[in-house]
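**Q** Feature table excerpt (TrEMBL):
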{"type": "ACT_SITE", "residues": "78", "note": "active site, proton acceptor"}
{"type": "SITE", "residues": "11", "note": "site 'Important for substrate specificity'"}
{"type": "SITE", "residues": "79", "note": "site 'Important for substrate specificity'"}
{"type": "SITE", "residues": "174", "note": "site 'Important for substrate specificity'"}
């Protein structure tokens with residue numbers, strides 16, 4: 001089976017390596033512009049759009065290459081920070097990052113990762129739907145994150161490292177910002193960017209590994 005991660009995130013690539021030793025990375029290039037309904041459906045739909053974008057890329061290549069393998073699994077994911085009813089994606093710049101981190105300080109917020117698995121395997125899975133010959137599973141993982149109070153100087157020092165600029169919510173739990181995280185309730189790896197156990201369990205239902 002050809003396994004493809006529809007993300008350029010080095011953190012997701014590293015985490016998916018805990019499930020698959022061999023896979024490809026084909027980042028989605030689609031614009032993330034969908035209407036917000038509720039946070040759970042929003043993150044699942046973002047993941048679906050990314051995964052389907054890569055499926056279409058692969059299909060267009062396969063049409064020009066008759067030797068392309070038949071079995072395919074594409075994994076799309078999108079992580080957001082949800083705080084006070086607002087979705088926090090990646091910051092636009094250092095000023096935006098500073099505002100985001102300040103809004104998280106001293107409070108609890110949620111991190112959601114939506115995941116979409118798209119495959120052409122001929123299986124019946126209760127939690128999946130079909131579009132043509134494609135089997136589609138969409139799900140999400142949620143983690144509560146508790147952040148300590150942070151001084152303006154601590155925020156400025158962290159933003160100056162450049163670490164927040166490519167991360168949802170403007171922080172990475174696995175880096176120097178970890179000293180400001182009091183505790184979490186839920187999956188740590190979900191906050192990093194990929195809920196490994198949740199994905200593994202869904203893949204087991206899809207591929208019957210056990």
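Just so you know, glycine gets a Cβ as well, placed from its N, Cα and C.
Keep in mind that TrEMBL annotations are predicted by a computer and have not been checked by a curator.
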**Q** Within a 10 Å radius around the Cβ, which one of these recorded sites has the most neighbouring Cβ atoms: 79, 174?
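**A** Its Cβ has the most other Cβ atoms within 10 Å: 79.
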**Q** Roughly how many Å separate the Cα of residue 174 (site 'Important for substrate specificity') from that of residue 79 (site 'Important for substrate specificity'), to the nearest whole number?
**A** 15
**Q** Which ones in the same chain are close to the residue listed as 'active site, proton acceptor', with CB under 8 Å and 6+ residues apart in sequence?
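**A** Spatial neighbours, sequence-distant, of the residue listed as 'active site, proton acceptor': 32, 43, 46, 47, 50, 113, 114.
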**Q** In angstrom units, rounded to an integer, how far apart are the Cα atoms of residue 11 (site 'Important for substrate specificity') and residue 79 (site 'Important for substrate specificity')?
**A** 12
**Q** Specify the secondary structure state of residue 11 (site 'Important for substrate specificity') as given by DSSP, simplified to three classes.
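**A** DSSP call for residue 11 (site 'Important for substrate specificity'): helix.
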